[in-house]
Structure formats: structure tokens, C-alpha cells
């Protein structure tokens, strides 16, 4: 009887030890299984979870626009006074709801595609109609002298500007400024130029690309990284060497710098880890765009490509504004964060009415760290034009200095919807949680059984010896 009891206790202790060891073994084995599954499902190839969400965004993408309405137009045009601006908006458009086109897999483990451009106005998410008007900078008049600096040509430009009754400022609708309008000044120009102009003209009905990205089949760490854009490779330059931002290579760490490309501004922006977030019961890492992304080349050397105007930038020492005219056909376009967030005083002192707020105006991406999928984001940028005194152009002759004039700022945003979140929790999060729970239960139960039966065995054996 005693032997039977002792054998039972010893067997129980052994079983407990085996369970604890098995639970421990499950840790590397489980990590291996998770790693293997993610490496398979993160490849941009037909039939994977990554491919389904890559072809067309799994959640609605919206772009909100706020415009700057000039409150003192007469003083600005007649006296060269500082513009006083008032923000109006948002005016919201649904974007990126069409699937990628001309998707082609290549033998070098890349996939190429075109991204159709489409924007649909969402009146229920806007403060008014896209036909609402406001007073803003005259895109054509301000850009012309920057693009044509020859004195004789500027005399001709002045003649055409005056004959079209164009001024430095104009009143236009939301729809016109965004998507284009026939400009009266440009219609007077006698040499060949595009007669329509708009911040995003042309857009609807066009395509962005050709993009060519790594599919990750040979190296999962390269998934979705852009190899070329419009058949040009820009790696290790100021422009690309990044990802489109919809997803990143899996197993994202907090110390990683995430770079994502925006074709609207022809460059990469980067984010650094900020905080942990929970979205629809899914743990995420938030990465935000820091001050350094828009800093002067003295602080961020890679921004040297975006400093081409030495007077305005104080010999490239001013922060917060990047010149992207090189990819805008020479138009004097500058990008900043909304309301000149993080910009130096050299940039902000020429405008009144702006109020930068980090919580409202910073860009962030919330990334699921295991898969690298971006499940929520808000990409925020401000579009500005450089205005410069031009003595030979009457409409700009009252200006006393060069400065950056804000036109609008935008917030492109999306968050995973309830259906996709439920699917993600079921296929990814729940499986990983169940595996981790099983590991913990086996280890704890095994340890408890081992200790309980081992102690009981020792006590019984001690009692038997004392007898």
C-alpha cells in the first residue's frame, strides 16, 4: 500500500515535471510556428492575408482638407502686409477605394502595379459644399516668376496677368483649388503651357506609378519596400528608399525607424516609436513623425535635397519647411506640417492666424508589431507656395520679402473596420494569445503538480522512516 502510494506520488511529480518542460519547449516551438505562419502570410502574393489587404485597402481611406481663407486681402495686395489667415474645413473625400491595377509578379521577387487616383466628395463628413469659396493665393500668378526668371519673360508675364485682371490673391472654390480650374492668366499666355491649374491637378481618372516593390518571398524583411517608382530607383537618396505605409516588414521593434513614401510630395518621411495603443482590442505600436523629419540639414543631413533657396532658409539653417519644387515641375511648392508645427521663427513670423498643436497636427501610424500591418494612421501635411517680390510683375511688386504662404493642410486617415478587426483578432491575435496561454498553463500546472507531488512524496517517505 505504501509503495503504491509512493509510486503514485512519484508518478504525479514526474508528470508535472514533464508538463512544465513541455510548456517550456512550447515557447521556442510556438515562436517558430508563429514566425513561419507570419512569413508565409506576409508575402505579397495571391492567396495570402497580406495580398488581400494590399490589393485594396481593408478599411475606408479618407482625406480631409482645411483651407486658409485670407482675412485681409486688400492690405496684403496693396501694402504687402502680413496675411491674416482663418482655417475653414474639413472638406472630406473618400480615397483609394479602387484596387491596384496592372499587378505583375516578377522573377526578382518584386511586384509592380499602378495605383488609380480617385476622390469622391463626402458631404456628410464635410462642413459645406465643395463649391464653397474662399480667398487664397493665386497659384498661377505666384508660381510664374519662380518658373520664368528671365526679365524679358517676366515683362511679358506681367502684360498677360494685367490683361486677365489677375491679382496675387483670388477667390476660388474648394473643388477648383484641389482638382483644377482654367486660369484666366494662363489662357492669355502665348507660348505652350497647361491652361488648367490646381493643387492636385490632374487627379481623378489618372494613375500613380509605376510602383515596383519587393514581395518578401525571398526575404521577408524587404516586404513592400519600394524598389523603384516610375521606373527610377532612388535608394539612399532623399526621395524613396521606403514603403508606401500600408504595411511594413513583420516583427516590428520599438527601436526601429519606419520610413514611408508619399508620391504627393515625392519623398520619404519617417516615424519613431511613441507609445503603445489599443485599437478594437488589438495591441499596436504608434510611430510618429518627429521634429527631425522637417529639420534643417544641419540637424538632419538627408534634408539637404530640400534646401534649394538660401535666402529664405537662412543658408539652410531654418527648420520646418522642405522645398519639393524639383518634383512639381519647378513650381515653388513647400511642404510643412499643419500650422507650421515644428517650424522655426523664420518660417512662422510672416503669417498670422496659425496655431500649431502637436496632438492635432502630428502624423502617426499605428502598426501591429507581429505582422507589420498598419491598422490606423493619420498622415498630415501642409501645402504652401513660396511668394517672392517681383518688381517687373505688378501684382507682386508690393511684396517686401520672400515668405512661405500656406494654401491648405490635409489629413489622410483610416482605421481598420469592425469586420476586418474581428477577422484579424481571429486569425492572428487569438491564435497567438491561445498559444501563449497554453504555454503559461502548462508551465504553471506542471510546476504546481511537480512541487505538490514531490513534497507529498518526501513527507510520506519521511513518515515511513520515522515509523
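Just so you know, glycine gets a Cβ as well, placed from its N, Cα and C.
Among the residue ranges 7-29, 30-52, the one that TrEMBL annotates as transmembrane segment is 7-29. Looking up the ranges 407-433, 434-460 in TrEMBL, the one annotated as transmembrane segment turns out to be 434-460.
Local packing around the Cβ, expressed as the count of other Cβ atoms within 10 angstroms, is greatest for 266 among the disulfide-bonded residues 266, 327.
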